[in-house]
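J.: What TrEMBL records for this protein is below:
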DOMAIN    17-255  domain 'Orotidine 5'-phosphate decarboxylase'
ACT_SITE  95  active site, proton donor
Ligand SMILES: O=C(O)c1cc(=O)[nH]c(=O)n1[C@@H]1O[C@H](COP(=O)(O)O)[C@@H](O)[C@H]1O
């Protein structure tokens with residue numbers, strides 16, 4: 001089953017558009033993990049197991065593992081997600097982008113080493129830099145379009161032939177790069193107006209929407225402006241607001257409550 005098919009099936013079976021971001025920061029872990037050599041894996045596993053029923057996808061962020069020399073924990077975590085939560089797609093957030101020969105290695109890393117169902121990619125180097133990801137028809141390629149951060153507009157809003165660059169990216173991906181039907185875009189929840197504009201350009205292509213929770217984006221506005229006709233089309237991603245909902249012994253229950261509350265808020269708006 002392709003990434004897009006798996007995502008559609010999961011939207012339906014979970015009745016949720018929530019993507020649970022897995023961004024481990026050991027300084028924020030509950031006390032019980034102090035001195036645990038495998039804390040990164042154990043914490044993320046506990047959160048994932050507690051939130052899976054509310055998740056349309058999981059999104060581990062690679063720098064949060066690599067900075068801790070915890071690539072092995074990431075590999076085991078993704079294997080755990082596939083084994084215990086089959087049918088929940090795993091998006092590796094790596095924002096890759098490089099010349100073709102290096103991009104091929106990034107594709108192998110994401111899809112073969114880590115066994116991710118999809119990976120985030122940066123379009124700045126152009127089509128050949130994304131091609132090794134696009135070629136994997138069974139996997140998803142989630143391409144940065146209008147990112148959630150305050151400086152997103154510095155380059156992404158520059159006008160190109162009368163339209164901002166992020167709209168040109170949306171057009172190019174929808175009309176030229178998505179030949180295998182395996183593309184999605186990233187647009188931040190912090191930009192509801194741009195979400196509406198991107199949705200008008202790309203039809204039903206999925207949009208990964210980070211920026212609710214810790215970055216203050218409005219989940220209801222996201223749904224109003226960017227869901228598809230059938231009330232899906234979105235992966236509304238939250239990391240810190242779910243992961244660190246409690247630093248006490250109830251961390252997993254608190255994460256589940258936070259994911260459930262986000263799901264319910266989204267569902268009330270769609
Ligand atoms: O590609 C991403 O996932 C991403 C794109 C973007 O525009 N903004 C953004 O915040 N992200 C990622 O989404 C996560 C957001 O985390 P929280 O702000 O804690 O929910 C982080 O892992 C970011 O790296």
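Quick reminder: no glycine exception, Cβ is built from N, Cα and C everywhere.
Could you place the listed features in the three-dimensional structure?
T.: Taking the domain 'Orotidine 5'-phosphate decarboxylase' (17-255) as a whole, pLDDT averages 98 in the prediction.
Taken residue by residue with DSSP, residue 95 (active site, proton donor) is part of a strand. Every protein chain shown contributes to the tally, and the Cβ of residue 95 (active site, proton donor) ends up with 17 other Cβ atoms within 10 Å.
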